[in-house]
Number of protein chains: 2
Amino acid sequence: MFTSNRCKANPILWSQEVVKDGTVRAVVLNSGGANCYTGAEGFQTTHAVAEQVANNLGIGAVDVVVCSTGLIGLANPRQNLLDGVDAATAALSAAGGSDAAAAIMTTDSVSKQVVVEGAGWSVGGMAKGAGMLAPQLATMLVVLTTDAVVPAADLDAALRAATRVSFDRLDSDGCMSTNDTVTVMASGASGITPSLPDFTEALTQACTDLAMQLLRDAEGADHEIAITVLNAATEDDAVAVGRSVARSNLFKAAVFGNDPNWGRVLASIGTTDAAFDPADLDVAMNGVWVCKQSTPHADPATVDLKPREVSVTIDLKAGSERATVWTNDLTHAYVHENSAYSS
Amino acid sequence: MFTSNRCKANPILWSQEVVKDGTVRAVVLNSGGANCYTGAEGFQTTHAVAEQVANNLGIGAVDVVVCSTGLIGLANPRQNLLDGVDAATAALSAAGGSDAAAAIMTTDSVSKQVVVEGAGWSVGGMAKGAGMLAPQLATMLVVLTTDAVVPAADLDAALRAATRVSFDRLDSDGCMSTNDTVTVMASGASGITPSLPDFTEALTQACTDLAMQLLRDAEGADHEIAITVLNAATEDDAVAVGRSVARSNLFKAAVFGNDPNWGRVLASIGTTDAAFDPADLDVAMNGVWVCKQSTPHADPATVDLKPREVSVTIDLKAGSERATVWTNDLTHAYVHENSAYSS
């Protein structure tokens with residue numbers, strides 16, 4: 001799965017071709033430069049990196065996914081990358097997962113890994129990302145592996161299902177990256193073929209766990225906010241309403257200030273075309289129903305927003321679908337960290 | 001013109017009915033409470049305010065537009081409002097324009113007025129607003145008057161044309177209010193009937209002037225940013241691209257840090273479905289073309305972002321339409337002012 005941003009980085013342009021035949025044998029990741037909007041020279045750098053990996057491992061370059069992260073418009077020095085490939089392939093080890101997860105950190109404060117056990121098989125994954133999380137995928141590079149036997153088409157279907165309800169519902173700051181990639185590879189080493197539902201569930205659990213790790217490590221955030229929309233006419237409506245609240249700078253700044261300003265939730269809901277009656281909306285914050293039937297209900301002063309984890313619940317009373325969208329608060333630290341990123 | 005937010009405040013619900021017959025004889029505005037999501041009691045308060053104005057002026061309540069601004073979900077004490085109406089109607093004066101413009105200030109740091117002279121007639125206006133500016137209209141209350149002779153239908157058409165390219169293109173923080181109102185009243189006192197194009201031009205000039213005053217007074221902003229999109233296939237495409245950049249917290253934080261991070265401009269353009277070739281985009285900041293044909297061009301270090309006024313120019317090379325969208329940077333002061341609004 002790749003970013004849906006139409007301004008795609010060179011490694012995305014390369015890797016989209018690599019995955020078309022359903023076979024990936026290696027993933028190589030670099031930070032320091034996104035290799036995005038760097039022209040033909042940049043694409044050749046990505047190609048050279050894939051060739052170097054392939055040569056070192058005795059595989060084909062067309063089976064090597066390349067991921068890059070960092071500043072847009074900055075040419076990545078090719079020799080540095082090739083030297084890095086040599087160092088990384090020389091250090092390859094079955095026990096090197098944690099080293100890899102640490103190596104891909106950029107502004108991350110902690111490395112992010114997950115293991116989900118199946119019946120005789122497992123799914124493992126690592127992620128890097130700390131902000132610019134939205135709205136389809138996030139600014140993140142994720143690599144998942146499994147030793148289950150899973151045909152390429154099933155793997156693709158399972159990954160689409162898993163990302164749809166995990167990374168795709170993370171909306172830390174509404175900004176969509178040019179480099180997002182989630183790769184999953186199945187080796188079949190366990191010899192066991194799980195049912196597609198079982199495998200999809202395990203993969204979804206792994207992706208959700210990594211998504212929550214990304215959320216908790218978002219740049220400058222003081223709160224993780226889960227916005228759950230109940231009784232929507234459609235799941236799309238529920239996601240649209242959740243995302244509208246997740247994108248409200250005013251709401252996010254209020255949460256930073258521990259201010260249960262539910263009016264900003266309603267003002268965001270009203271910007272969507274989801275099915276609901278504007279005169280019959282219920283809103284709860286951290287379990288306190290501060291608004292019922294679009295009128296004030298419980299005293300907002302009873303809402304305690306000091307804990308990091310904040311929940312907003314919106315009852316649309318328009319159907320039976322639901323969805324949760326996750327975001328962070330808008331803080332001084334967010335502004336600080338993102339106001340001097342390239343300097 | 002009223003907010004397109006579906007969660008509308010009581011004064012909007014009232015005033016939408018008032019304007020239907022094309023006649024408005026008075027506008028009354030209060031701050032301190034938005035009278036939004038305050039239930040049937042809140043609507044009755046709006047009605048009572050209109051009645052009080054009508055009684056004091058000897059007109060019908062159905063010709064009185066009511067505007068409120070402040071916190072959502074807060075009941076406005078009715079007697080305070082009625083007492084305020086009495087005080088305001090007692091102080092009515094042909095020379096009271098500046099007093100009125102000052103009286104409607106909330107978090108505004110300066111009062112906002114404009115006069116545009118026609119041939120024997122003029123348009124005057126006042127506005128309040130300082131943030132929560134987007135995306136159709138802004139969190140603002142605007143009253144415009146003219147002594148030109150303009151039939152109600154022409155007045156409506158002129159106002160729609162004027163707001164479409166002024167207030168509707170202000171996107172300070174992407175947040176849409178529940179109370180936005182722009183009212184225009186024509187007295188015909190000059191006895192002169194301007195052509196509709198002439199009147200529309202004057203009204204557009206007045207609205208644009210007030211919009212720029214709102215932009216310059218946005219809460220906590222250090223920069224005014226004009227994003228101009230050139231050579232779009234359609235005007236809608238140009239607006240969509242401009243708005244996507246205006247909504248990018250990462251881009252806005254970069255401008256606050258005087259960082260010409262044009263990659264964040266491209267990442268925003270890529271989130272739209274406007275017509276363009278991702279491999280052939282040009283971007284300038286303050287007149288310096290930092291990106292040409294989607295590759296780095298002039299050195300970003302030559303872009304000076306210290307002046308308050310910042311321009312971003314995007315050449316889509318897909319047609320001949322253009323539009324400008326205005327926004328502000330994302331600052332520590334914005335976070336501060338909006339994190340403790342209700343406390």
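Quick reminder: no glycine exception, Cβ is built from N, Cα and C everywhere.
TrEMBL has this to say about the protein:
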- A:Thr106, A:Lys128, A:Thr139, A:Glu219, A:Asn338, A:Ser343: substrate binding site (BINDING)
- A:Thr139: active site, nucleophile (ACT_SITE)
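Taking the features listed in TrEMBL, we show where each one sits on the structure.
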residue	record	DSSP class
A:Thr106	substrate binding site	coil
A:Lys128	substrate binding site	strand
A:Glu219	substrate binding site	coil
A:Asn338	substrate binding site	helix
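In sequence order, the binding-site residues near chain B, meaning those of A:Thr106, A:Lys128, A:Glu219, A:Asn338 whose CB lies under 8 Å from a CB of that chain, are A:Asn338.
Considering only the binding-site residues A:Thr106, A:Asn338, the Cβ with the fewest other Cβ atoms within 10 Å is that of A:Thr106.
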